[in-house]
């Protein structure tokens with residue numbers, strides 16, 4: 001009665017059967033890969049019980065076969081990842097290589113040949129989610145990526161499963177440990193950005209080339225993943241407005257501190273109501289002023305925290321180590337258990353579901369409050385001129401603080417909510433005023 | 001080839017098919033039930049997309065059919081819950097009645113007839129987990145209970161799925177909003193226990209009969225559930241050592257505050273290393289001194305927070321509204337989506353797995369530090385006598401603070417770690433000393 005494809009699907013969904021061994025290919029053997037290998041070996045009994053059958057790493061793809069790896073049987077190692085993925089005795093592929101193009105090829109090959117995939121690769125997922133999800137759906141297999149966002153903090157599982165019956169309104173989080181370490185160091189020691197970055201590098205919190213972290217790209221990948229899951233709408237890396245922390249100065253941090261704020265690099269995913277009543281979504285990453293009494297303000301060092309607001313659940317916060325070999329391995333192994341259970345018992349995890357397909361709002365549509373720090377002439381009438389520039393654009397001021405300097409004064413204003421597009425216009429107008437010497441910084445308020 | 005049972009299992013695991021309607025029986029229509037009904041109706045489209053087919057509430061079991069329920073079609077209401085559960089057009093049973101015996105009967109009937117169950121009933125799950133899990137396993141259906149612990153804070157999902165590849169060492173949490181509200185009010189206003197309880201009752205945070213909350217029974221049910229999931233070992237309600245907050249005085253709170261602590265009612269689930277190297281687990285609920293700098297100390301009002309320590313993941317914290325109609329409905333509906341997806345697409349969620357079956361350590365084996373507040377004679381030699389009572393039991397003192405009164409003095413000591421059994425012995429020894437007028441309170445330190 002059934003067509004061959006349906007039979008294949010049914011077979012897959014009904015599983016290999018209790019007690020059968022799940023064959024695993026491990027792609028990559030860096031810090032995370034080595035921890036996955038170690039923990040899966042050391043706790044083999046526990047994993048067999050939790051899965052319903054043994055999980056066996058049958059091959060490890062590495063670049064350099066000649067590098068010494070104590071404790072790893074030589075016969076497991078191969079430098080031919082494609083051949084490993086294609087092997088008949090592999091049921092599940094664990095990708096912890098990093099990069100985009102090569103892992104994309106391997107993950108697609110695995111999914112297309114009916115193998116489930118667990119990946120920790122945020123860049124890959126954020127760039128190619130559609131293609132990967134389609135391949136997984138076509139083959140009826142699982143694609144898991146809990147480790148791609150905030151390591152063992154179960155953000156992906158929460159958005160995909162726990163909040164599956166709710167409507168997510170907003171996600172805001174500290175999802176990059178390197179930048180949080182740098183900003184925290186600047187705040188607690190008064191150091192400059194360059195000094196704090198040097199310290200982060202020295203302590204191993206920043207990589208030799210810190211670009212992906214400090215420019216916000218890493219956080220933007222995570223924002224894309226969280227927004228896609230939370231809003232059931234595909235949000236890609238290139239849809240995320242992204243500003244890093246390289247322009248944050250010690251003066252910004254000090255001014256924020258005086259006003260009762262900490263500066264944090266937040267990934268913000270938001271459902272917006274447009275004027276015509278329709279909905280859109282936006283995802284962005286930028287330095288943000290967080291009130292000191294907000295839980296996100298007290299997230300120190302390289303910790304991560306994610307704040308979720310949902311219609312019925314209200315506010316939820318999740319906090320923990322968002323990076324590192326062990327926490328990432330924990331997330332990967334949680335996914336391995338889930339995927340392997342389905343291979344043994346049948347069934348599929350809830351996949352990504354982008355049915356809502358909401359439009360992505362341009363950054364200019366986003367409404368927020370602003371903290372603007374400028375240098376102005378020290379004479380009467382200046383405040384009137386500046387207030388007028390704001391008023392002409394329909395934006396009112398919430399607080400104004402003036403500090404007198406030698407020849408010029410420093411003026412710090414906090415606005416009421418205004419759209420990004422309006423703010424751009426105001427900054428342009430301010431720059432044209434004779435009264436304004438320089439606009440030093442514009443930092444958004446939020447949480 | 002296959003026996004009839006396996007065929008039935010395979011059929012169930014392969015699902016009803018994409019687009020098929022999932023028939024739901026809703027048992028109970030209190031605050032949570034009404035919210036579940038409302039949200040499932042208002043967001044019917046979203047649910048259909050997330051599940052893979054429509055979810056339809058086909059019957060609602062209530063006690064009083066004549067009570068007016070605006071917006072609820074009369075034909076859905078029935079006072080015969082058993083008949084509703086038995087109906088052929090019901091695939092999934094959602095139990096939000098509360099109590100133990102009657103819901104137990106209904107849930108077992110549902111599972112035994114091959115229907116998946118979502119319940120928010122912590123008392124039922126903590127008391128009868130074994131029986132329910134076995135029935136679900138036998139029928140190859142799902143039993144979900146995310147809402148049973150801390151409402152929409154996804155503790156159950158995290159322990160069951162996200163940390164499935166890790167080893168949980170310790171769980172400590174504020175899992176009862178009523179008692180946290182009372183203790184927080186006592187700390188912030190200096191109120192007595194009775195005054196704070198009255199305020200909690202007035203504001204709707206405490207029920208007319210607050211026993212289950214203030215005596216710690218509610219928290220103990222949640223501790224049993226968390227320990228069972230975290231340690232893969234059945235821990236029942238009666239295995240949980242339980243002390244409530246009724247004996248906590250304003251003086252205790254003030255003394256704790258002076259020493260840099262907040263008093264919180266914690267549910268603590270712990271993996272213990274015995275002297276012979278073997279492992280055991282313990283679950284307990286009692287007022288606990290939490291250092292003010294610990295994240296749990298700043299959990300205010302009726303909020304809940306759960307702190308989990310796992311081998312690879314490190315420390316994770318989850319925070320949010322742990323009770324109330326909306327947050328509980330969010331958790332129930334997340335489970336409904338999960339269970340309904342499996343009904344449509346096939347497969348089963350990971351069930352409870354008690355393979356580790358670790359022994360449950362007696363409370364006497366638990367090691368902790370103690371804050372002991374006593375009234376002593378105000379004369380020389382008293383401290384020596386008291387120190388000796390501790391030293392004779394092998395326990396050393398960490399800090400000693402003396403406040404002089406009129407005829408007697410107040411002595412507050414904090415011990416180094418000692419076993420509960422030893423502490424009982426010390427308190428008995430102290431009570432026999434002439435120098436000790438009274439031991440006012442013994443509060444454990446922890447986090």
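Glycine is no exception: its Cβ is also placed from the backbone N, Cα and C atoms.
Caution: TrEMBL annotation is automatic and unverified by curators.
Feature annotations, courtesy of TrEMBL:
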type: BINDING; residues: B:27, B:28, B:29, B:30, B:31, B:32, B:33, B:34; note: NADP(+) binding site
type: BINDING; residues: B:122; note: NADPH binding site
type: BINDING; residues: B:207; note: L-homoserine binding site
type: ACT_SITE; residues: B:222; note: active site, proton donor
type: DOMAIN; residues: B:371-444; note: domain 'ACT'
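Between the recorded positions B:122, B:222, the minimum number of other C-beta atoms within 10 Å of a residue's C-beta occurs at B:122. Residue counts for the domain 'ACT' (B:371-444) under DSSP, split into helix (H, G, I), strand (E, B) and coil, are 24 helix, 34 strand, 16 coil.
Taking Cβ-Cβ distances under 8 Å and a sequence separation of 6 or more, the neighbours of residue B:27 (NADP(+) binding site) in its chain are B:33, B:60, B:61, B:81, B:84, B:85, B:93, B:94, B:95, B:96, B:97, B:103, B:106.
Packing around residue B:207 (L-homoserine binding site) is summarised by its Cβ count: 13 other Cβ atoms lie within 10 angstroms of its Cβ, all protein chains included. Within 10 Å of the Cβ of residue B:30 (NADP(+) binding site) there are 12 other Cβ atoms, across all protein chains. Taking the centre of the Cβ atoms of B:27, B:28, B:29, B:30, B:31, B:32, B:33, B:34 as the NADP(+) site, the nearby residues of that chain (Cβ within 8 Å, site residues left out) are B:26, B:35, B:36, B:37, B:96, B:97. Same-chain residues at least 6 positions away in sequence with a Cβ under 8 Å from that of residue B:28 (NADP(+) binding site) are, in sequence order, B:61, B:62, B:95, B:96, B:97, B:98. Candidate recorded positions: B:122, B:207, B:222. Nearest to residue B:31 (NADP(+) binding site) by Cα distance: B:207. Compared over the binding-site residues B:32, B:34, the count of CB atoms lying within 10 A of a residue's CB peaks at B:32. Checking Cα-Cα distances from residue B:122 (NADPH binding site) against the binding-site residues (B:29, B:30, B:32, B:34, B:207) with a 10 Å cut-off leaves nothing; none qualify. The closest partner of the residue listed as 'L-homoserine binding site' among the recorded positions, by CA position, is B:30; the full candidate set was B:29, B:30, B:34, B:222. Long-range C-beta contacts of residue B:29 (NADP(+) binding site), restricted to its own chain and to partners at least six residues apart, with a cutoff below 8 Å, comprise B:37, B:60, B:62, B:69, B:72. Using a 10 Å radius centred on the Cβ of residue B:31 (NADP(+) binding site) and all shown protein chains, the other Cβ atoms total 14. Residue B:33 (NADP(+) binding site): 25 other CB atoms within 10 A of its CB, across all protein chains.
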